[in-house]
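Enquirer: The structure that follows is given in the form of structure tokens.
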């Protein structure tokens, strides 16, 4: 090999071995991100024994997609204090729903599937009712009055809609289609509405709303029924997301509502907006709660317009359609009306009672204020109370019929 060839090869070798010079920019720049899927086991391994004990339910039952975005909230002192309180409540059988159902909303609706959020207050406080989804009840419990009004609104929006069979109220098919059904408080004591309020759930579920608002940037529909729910979504970005506000669906909220819940059209408005944002796969098939319903979509790619929506409330055509839909009143509907009259009379009697005693000198009981400045009315509790009155009226009517 010639001397010239050796010199050339040596120079090339030296060039290959010479390390790349570091720049001042490269020195201070961040290392390439190695962020991958959330590793629940790795995260849990870093917890203290006490944290592992208190957060066992979250580690075992909170869907990993939610745990990834809520893990910091779980370590907040207020949440750990809540978990210490709940540990004793569950040990003494003083909490609904069953522990494994507390986070069922997260498993039915993974974080990356959320398209709609329906906010409730606290779980139903009767046995075998609550199962972790707002407004939903487990079979064989019949749908409470609030849920019946939700179904009534849907019947106005989509005439093909029919509620679940046997008057039931299980809403898991909606949850599995991207509807996050979230209560503000996730637990409650038996027969004691609001009994787990102000224990720490409010901060946690507010964080749930916050991460949905911040991270689901393609857009989500928030259905806020009643002032407490509306206060919860006050900071949601209205440019990115759609907020649909109205009165609570409870029958007891209807007399003072400027627009009755059945006429708010939230379900069709949500689907129209989702179709604009997500395309053909955006809208939710509300008919899915009853297998006998015709799907709102003829195919996966067909949007909600496949079902003919009812005309907007207030039109002559809309009124005629509603009258045709309910041509007669059966005994149970009549009993429900009787129940509503009884409930209204009972409420009026309770309001008038302090005035009658002492001619106004009796001390007026101050309403409990929540953080949004509205009387702390538990509409779900009011709905259940109304439902009980309805059942009593039905029984009384049947008894009268046998005499």
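Note: Cβ is positioned from N, Cα and C throughout, glycine not excepted.
Please treat TrEMBL annotations as automatic predictions, because they have not gone through curation.
Marked as region 'Disordered' by TrEMBL: 1-22, 285-403. The annotation domain 'Uracil-DNA glycosylase-like' is assigned in TrEMBL to 107-274. TrEMBL lists 122 with the feature active site, proton acceptor. Marked as compositional bias 'Low complexity' by TrEMBL: 298-319. Per TrEMBL, compositional bias 'Acidic residues' is recorded for 323-335, 368-381. For 336-355, 382-395, the entry in TrEMBL reads compositional bias 'Basic and acidic residues'.
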Enquirer: Reduced to three states, what secondary structure does DSSP give the residue listed as 'active site, proton acceptor'?
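Expert: The residue in question, the residue listed as 'active site, proton acceptor', is coil (DSSP, three-state).
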Enquirer: Take the Cβ of residue 122 (active site, proton acceptor) and count every other Cβ within 10 Å, whichever protein chain it belongs to.
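Expert: By my count, 25.
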Enquirer: Which whole number is the mean pLDDT over the domain 'Uracil-DNA glycosylase-like' (107-274)?
Expert: 97
